[in-house]
Amino acid sequence: MQALQVKILDPRIGRELPFPSYATEGSAGLDLRALLDAPLVLAPGETQLIRTGLAIYIADPGFAGLILPRSGLGHKHGIVLGNLVGLIDADYQGELMISCWNRGHTAFTLEPGERLAQYVLVPVVQARFEVVDEFHATARGSGGFGSSGRQ
Ligand SMILES: O=c1ccn([C@H]2C[C@H](O)[C@@H](COP(=O)(O)OP(=O)(O)OP(=O)(O)O)O2)c(=O)[nH]1
């Protein structure tokens, strides 16, 4: 388990909205809730940047955060992320923001405190790049996009 520093940026968190926590022992994602003053209607096709009231400072460059959609909202209501996936850098100290996109065909009302997305901490490896003229040959070479298995 990795310790992370969290700043609570809004007094409603801990009162009207619970402190962030994992829903179950095996949860990979931490639910992120919409910090809103009032219900927000998202028209079909509309995207809004939603506050969470939380800042999570990872600090260790061996980790990053991912903001991912919640399956139920995406599948049933077409509520997904405008950036598809949010990548949170280890040195980011600002508020976690959720780009909320209604990709569906009907308006969706987002309620204050609604669980909108999830935050997953993942290990990352920063690469050191070495410029070369030739790569060591491989069976695949530069074939891609369905090239394997063709006669
Ligand atoms: O869904 C997201 C995505 C990003 N961020 C924050 C954390 C991240 O570290 C920072 C920058 O994100 P990213 O690098 O993806 O944005 P950019 O468009 O490349 O802008 P920048 O020039 O600030 O890196 O914005 C969020 O709060 N939510």
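Including glycine, each Cβ sits where the backbone N, Cα and C put it.
Sequence-distant contacts of I88 (substrate binding site), defined as residues of its own chain at least six apart whose C-beta falls under 8 angstroms from its C-beta, comprise I56, I58, A64, G65, L66, I67, L96, Y119. Secondary structure at I88 (substrate binding site), as computed by DSSP, is strand. Residues or ranges marked as substrate binding site in TrEMBL: R70, S71, G72, N83, L87, I88, D89.
Look at TrEMBL and you will find 17-149 tagged as domain 'dUTPase-like'.
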Do you know which of the binding-site residues S71, N83 has the most other C-beta atoms within 10 angstroms of its C-beta? N83
Largest C-alpha distance in Å for the substrate site residues R70, S71, G72, N83, L87, I88, D89, as a whole number, is 26
Select, from R70, S71, G72, each of the binding-site residues with a Cβ positioned under 6 A from at least one atom of ligand 1; if none does, say none. none
